[in-house]
Amino acid sequence: MSWQLAGNTLNSRFLIGSSLYPSPHIMQQSIAASGAQVVTVSLRRQSPGLKGGDSFWQHIKSLNCHILPNTAGCYSAKDAIHTAIMAREVFNTHWIKLEVLGDEYNLQPDPFALLEATKELIAQGFEVFPYSTDDLVLAERLVSAGCNIVMPWGAPIGTGRGLINPYALKTLRARLPDTTLIVDAGLGAPSHAVQAMELGFDGVLLNTAVAEAQNPILMAQAFRDGIAAGRSGFEAGVIQQRDLAKPSTPVLGTPFWHQDKDDRGG
Amino acid sequence: MLTIYFNGEPFKVTQSSLPDVLLELNAPAICAVAVNGQFVPKDQHQNVILQEQDALDAFTPMQGG
């Protein structure tokens, strides 16, 4: 079922990264297999004479996806703003995945610098996709600053730990019902993506879990299917958990059933 | 002859206007350019004359997550 992301109608709720694949060819095949229509990229200085960037860009362009440039590696609002402005010119898009990191160990976003950069970039006409923690107040401030989208982490980048704080993510969903929420980073298994989608998140963005899988193309398909299944589950309405077992098969009319015995269904 | 630092490495160039230097250095066609750490939008390239020891950086599309 289609959905809206920053004014674009998409069929896939999978946003995928373009890094860490064993080869450009496998990257291209994996992204195609994922069904993703949004691909994240970065801007980097490269050694003079190397043409790797050109080749990479040709591979990405041939996929006909929406391009979501990032500000990965920035540790200050100033650097992130600078990078975003350059990315806008190179990729010809006002979309920016805004990363402003605050800690080198867990690559945790710096909430203060993130908010500062968000305000400036929105003032300059960007559609900001902020990579944030699962902090509710930060998310609310980002929305107040003009973000239509917030991308809380499932876990720190590249850890593959899944949703380390489902309560916080569930709270974000409940408190920001009109904001597009995308779980970004930290997922390892397709089941993590299913869980995120069942919580009602609008999409999932990941990279390492696919790129570093033993078979990235197959894993891309697995995440594609997991994301779709999780979304369907959310839309269908998951039943409430309960402690008391309840038979699913009708007890009345069971062969050899007698009125004076307890109901023991299964 | 001018010595400038292109993406961190020293180069001698015969030209000094930014578009000419980019051409001379065979810079990537698709890139964002910064001179001494300041981004120069494409429509302003023609207004920039490089000086001795200037740092010229070209940023190109790269893999990202």
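Cβ coordinates come from backbone N, Cα and C, glycine included.
Note: TrEMBL annotation is automatic and uncurated.
Taken from TrEMBL, the feature domain 'Thiazole synthase ThiG' applies to A:5-250.
Annotated active site, schiff-base intermediate with DXP per TrEMBL: A:LYS97, in sequence order. Around A:LYS97 (active site, schiff-base intermediate with DXP), a 10 Å sphere centred on its CB holds 28 further CB atoms from the protein chains shown. According to its DSSP assignment, A:LYS97 (active site, schiff-base intermediate with DXP) is in a strand.
Long-range neighbours of A:ALA185 (1-deoxy-D-xylulose 5-phosphate binding site) (same chain, six or more residues apart, CB within less than 8 Å of its CB): A:TYR131, A:TRP153, A:GLY154, A:ALA155, A:PRO156, A:ILE157, A:GLY158, A:LEU205, A:LEU206. TrEMBL lists A:GLY158, A:ALA185, A:GLY186, A:ASN207, A:THR208 with the feature 1-deoxy-D-xylulose 5-phosphate binding site.
Annotation source TrEMBL lists region 'Disordered' at A:247-266.
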Chain-internal residues near A:GLY186 (1-deoxy-D-xylulose 5-phosphate binding site), provided their CB is under 8 angstroms and they sit 6+ positions away: A:TRP153, A:GLY154, A:ALA155, A:PRO156, A:ILE157, A:GLY158, A:THR159, A:GLY160, A:ARG161, A:GLY162, A:LEU163, A:ILE164
Chain-internal residues near A:ASN207 (1-deoxy-D-xylulose 5-phosphate binding site), provided their CB is under 8 angstroms and they sit 6+ positions away: A:ILE16, A:GLY17, A:SER18, A:SER19, A:LEU20, A:THR40
Candidates from A:GLY186, A:ASN207, A:THR208 close to chain B, where binding-site residues are judged by Cβ under 8 Å: A:ASN207, A:THR208
Cα-Cα distance linking A:LYS97 (active site, schiff-base intermediate with DXP) and A:THR208 (1-deoxy-D-xylulose 5-phosphate binding site), given in Å to the nearest integer: 17
Maximum Cα-Cα separation in Å among residues A:GLY158, A:ALA185, A:GLY186, A:ASN207, A:THR208, which the record lists as binding 1-deoxy-D-xylulose 5-phosphate: 9
